[in-house]
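A.B. asks: Here it is, the structure, as structure tokens.
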Amino acid sequence: MICPAPPLCPPAAWTAWPDWDALMRLALEQAHQAAAAGEAPVGAVLLDAAGQVLGTGHNAPIATADPTAHAEILALRAAARACGNYRLPGSVLVCTLEPCVMCLGALVHARVAGVVFGALDAKAGALVSNLPGAALPFFNHRFWTLGGVLGETCGRLLSDFFRTRRLARQHQSPLANAPGMG
């Protein structure tokens, strides 16, 4: 699933297309860190225009008490700090889950060149699942997307995490599932 199509050749500063599977494995490492911390296992890696890692992130809204602490946002923040600029032209985000609407807005503002993602997000995905986010006509910036890179692996990590969480909650007392109790 590619929408709009990635460029036919790598960006000028890249000598070849990167190994997307290897880069997705870096994002998966971030996702495993999120899972170990009890967060939804989503990870992201941001590459600069030369294909070098600029920033990484994993979901952390619970630990930070920040609803915007999605993996994509944290990777963008790390990269912006490293570059001294919130605009990251030529960069490519590699993330384990299709970005949501909030992350889509940040990607547009950061002026990324492309997004590579693993699993589709049928509930909140904003690039292909629910919106053609990268190509919305009212945005002042568009980028290419490539989805499904290690998609089964990324999707399985998420479904296993939430299955384990549901099973753990089923074995707790009824009070543990009451609002504000867990």
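Cβ from N, Cα, C; glycine included.
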A.B. asks: From His70, His109, grab the residue that TrEMBL records in the same Zn(2+) site as Cys100, Cys103.
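C.D. replies: Between His70, His109, TrEMBL records just one in the Zn(2+) site with Cys100, Cys103, namely His70.
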A.B. asks: I need the least crowded one of these binding-site residues (Cys100, Cys103), counting other C-beta atoms within 10 angstroms of each C-beta.
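C.D. replies: Candidates: the binding-site residues Cys100, Cys103. Fewest Cβ atoms within 10 Å: Cys100.
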A.B. asks: Secondary structure at His70 (Zn(2+) binding site) (DSSP, helix/strand/coil)?
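C.D. replies: The residue in question, His70 (Zn(2+) binding site), is coil (DSSP, three-state).
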A.B. asks: Using DSSP, how many residues in the domain 'CMP/dCMP-type deaminase' (18-138) fall into helix, strand and coil?
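C.D. replies: The breakdown for the domain 'CMP/dCMP-type deaminase' (18-138) reads 47 helix, 23 strand, 51 coil.
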A.B. asks: Which residues, sitting 6 or more apart from Glu72 (active site, proton donor) on the same chain, put a CB under 8 Å from its CB?
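C.D. replies: Residues satisfying the criterion: Ala44, Gly57, Leu93, Cys95, Pro99, Cys103, Ala106, Leu107.
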A.B. asks: Any idea what the model's mean pLDDT is for the domain 'CMP/dCMP-type deaminase' (18-138)?
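C.D. replies: Mean pLDDT, the domain 'CMP/dCMP-type deaminase' (18-138): 96.
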A.B. asks: Whose Cβ lies within 8 Å of the mean position of the Cβ atoms of His70, Cys100, Cys103, the Zn(2+) site, other than those residues?
C.D. replies: Ala71, Glu72, Ile73, Pro99, Val101, Met102, Leu104, Ala106, Ala124, Ala126
